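Lifted from Swiss-Prot, the feature list:
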{"type": "BINDING", "residues": "Gly38, Pro39, Ser40, Gly41, Ser42, Gly43, Lys44, Ser45", "note": "ATP binding site"}
{"type": "DOMAIN", "residues": "2-230", "note": "domain 'ABC transporter'"}
Amino acid sequence: MIQLSNVRKSYQIGKETFDVLHSIDLDIHQGEYVSIMGPSGSGKSTIMNIIGCLDRPTSGTYQLDGEDISSYKDKELAAVRNRSIGFVFQQFQLLPRLNAKKNVELPMIYSGIGKKERQERAERALEKVGLADRMLHMPNELSGGQKQRVAIARAIVNEPKLILADEPTGALDTKTSEAIMDQFTALNAEGTTIVLVTHEPEVADCTNRIVMVRDGNIVPASSGQRSVGE
């Protein structure tokens, strides 16, 4: 489903060029549950941004579901994001003036889905993540775990093939983090491909494959980790 081939990423700042990714090769198949780990500045978030069509590789190719999108323009990338990818972020990214249900409706507005269908699908998504009784609550009336569940509902409401989660438990306590990871595991069991970025080994251990990134390269996992990805 995801194929990065010889992907490099560099940034030009003034006269200096900074290489962030070096010849990344990564395959992730439909239905996999993969974590990307690495220290701060390793390049893991850059890989996530490229997979999520939020950034482009400087060179190399990126195929998503058999479609080479390496050279897509901004408008084309936005269409791919809205059609195929759901996002979950550490800080939830909920609009504070909209209730839970209306926050979940947002991706469908961008997709041009009618009001009645939007409402029905948002309700089903919130029920799926256990928030049937919180649909009309504002974000400031929800706990951290509930906010993240709203974010997950928003990510799945368009039925994407792929969910990308960037440090999804980073702002949560241990018990709430476990509940959120259970939610991802359940979604993956239904066939959704999930890729998450984390620096927490206990979170990565919930996934089926661990991709280790260091200094812009994919490297073998340490002996204490049960899986690696390339």
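Don't overthink the numbers, they just go from 1 along the chain as shown.
Every residue, even glycine, has its Cβ placed from backbone N, Cα and C.
What surrounds the ATP site, by Cβ distance within 8 Å of the Cβ centroid and not counting Gly38, Pro39, Ser40, Gly41, Ser42, Gly43, Lys44, Ser45, is the set Val213, Arg214 from the same chain. Taken residue by residue with DSSP, Gly43 (ATP binding site) is part of neither helix nor strand, so it is coil.
The Cβ neighbour count for Pro39 (ATP binding site), using a 10 Å radius over every protein chain in view, is 11. Taking a C-beta cut-off of under 8 Å and a sequence gap of six or more, Ser45 (ATP binding site) has these contacts in its own chain: Asp166, Val197. Of the listed binding-site residues, namely Ser40, Ser42, the sparsest CB environment within 10 A is found at Ser40.
Note on the domain 'ABC transporter' (2-230): mean pLDDT across this stretch is 92.
Gly41 (ATP binding site) is surrounded by 12 other CB atoms, counting those within 10 A of its CB over all protein chains shown.
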